[in-house]
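Comments concern the structure below.
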Amino acid sequence: MRIVLVGPPGAGKGTQAAFLAKNLSIPHISTGDLFRANISQQTELGKLAKSYMDAGNLVPDEVTIGMAKDRMEQADAVGGFLLDGFPRNVSQAEALDEALKADEVKLDAVLDLEVPEDEVVKRIAGRRICRNDSAHVFHVEYKQPKSEGVCDVCGGELYQRGDDKEETVRKRLEVYHSETEPIIDHYRAQGLVVTISALGEVADVTERAMAALKKSAEA
Ligand code: AMP
């Protein structure tokens with residue numbers, strides 16, 4: 001399957017993407033994770049991306065599209081993938097359409113995770129992520145680790161992403177509404193959008209997502 005996951009920052013895209021990709025046996029491709037890996041390896045791409053990310057802005061399409069396409073061309077993604085955080089504006093969506101067309105393949109669904117705006121800010125400002133694996137996500141209120149600052153899963157250090165500070169979150173939300181939301185209409189015109197609520201327990205949201213994807217595959 002080829003799936004795009006969309007939703008505002010804080011909708012739980014990274015967490016859901018990890019579970020869904022595992023359930024569907026397809027790779028989870030997150031452009032945010034690819035940028036963060038470049039930042040920790042101090043590559044030129046990482047240095048460029050960091051300035052945009054810390055301000056809550058989108059990294060320019062010139063570098064983002066090439067990076068996403070390179071990752072999609074790797075062997076593990078030939079049979080399908082779950083894209084998390086890409087495309088994030090209409091021109092990226094158009095570039096993805098073209099790349100898929102050139103490979104004579106199609107998207108199966110665009111899964112839209114819905115969550116109210118005040119919930120988003122609460123979720124992100126308290127979020128703590130493991131340095132070893134960004135799918136290990138904790139929260140200072142909703143999901144406290146057994147030992148403060150330490151990942152329950154692998155013992156890694158928990159940290160707050162630079163772009164999870166409240167001011168940056170508000171900027172990221174603004175960018176989501178102006179740049180990313182229009183891709184939902186772009187894909188609605190292709191009959192691909194499946195919307196589910198991202199509220200509630202992580203496992204319940206995964207179940208809802210799996211059921212919605214199954215229904216859309218049968219339609
Ligand atoms: P994420 O981990 O998906 O929340 O992404 C974190 C940050 O990385 C975003 O706020 C952007 O600055 C940058 N980013 C991730 N994916 C993209 C993309 N497709 N286009 C532009 N910037 C991106």
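Counting begins at 1 with the first residue displayed.
Every residue gets a Cβ built from N, Cα and C, even glycine.
Feature annotation from TrEMBL assigns ATP binding site to Gly10, Ala11, Gly12, Lys13, Gly14, Thr15, Arg127, Val137, Phe138, Gly200. Under the heading region 'NMP', TrEMBL lists 30-59. TrEMBL lists Thr31, Arg36, Asn57, Leu58, Val59, Gly85, Phe86, Pro87, Arg88, Gln92, Arg161, Arg172 with the feature AMP binding site. For 127-163, the entry in TrEMBL reads domain 'Adenylate kinase active site lid'.
What TrEMBL annotates, mapped onto the structure for a quick look.
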residue : record           : contacts (Cβ under 8 Å, 6+ apart)
Gly10   : ATP binding site : Val115, Glu119, Val120, Val121, Arg123, Ile124, Arg127, Val169
Gly12   : ATP binding site : Leu113, Val115, Arg123, Ala198, Val202, Val205
Gly14   : ATP binding site : Ser30, Gly32, Asp33, Asp84, Ser134, Ala135, Val137
Thr31   : AMP binding site : Thr64, Met67, Ala68, Leu83, Asp84, Gly85, Phe86, Arg88
Asn57   : AMP binding site : Lys171, Val175
Val59   : AMP binding site : Phe35, Leu48, Ala49, Tyr52, Met53
Phe138  : ATP binding site : Arg127, Arg128, Ile129, Cys130, Gln144, Pro145, Cys151, Asp152, Leu158
Arg161  : AMP binding site : Arg127, Ile129
Contact set, same chain, for the domain 'Adenylate kinase active site lid' (127-163): CB under 8 Å, 6 or more residues outside the stretch: 10, 14-15, 17-18, 28, 30, 32-33, 36, 53-54, 56, 169, 172
Residues from the same chain, set at least six apart from the ends of the region 'NMP' (30-59), whose C-beta lies under 8 A from its own: 14, 17, 67-68, 71, 83-86, 88-89, 134, 162-163, 167-172, 174-175, 179
All-chain count of other Cβ atoms within 10 Å of Arg127 (ATP binding site): 22
In DSSP terms, the domain 'Adenylate kinase active site lid' (127-163) comprises 2 helix, 12 strand, 23 coil
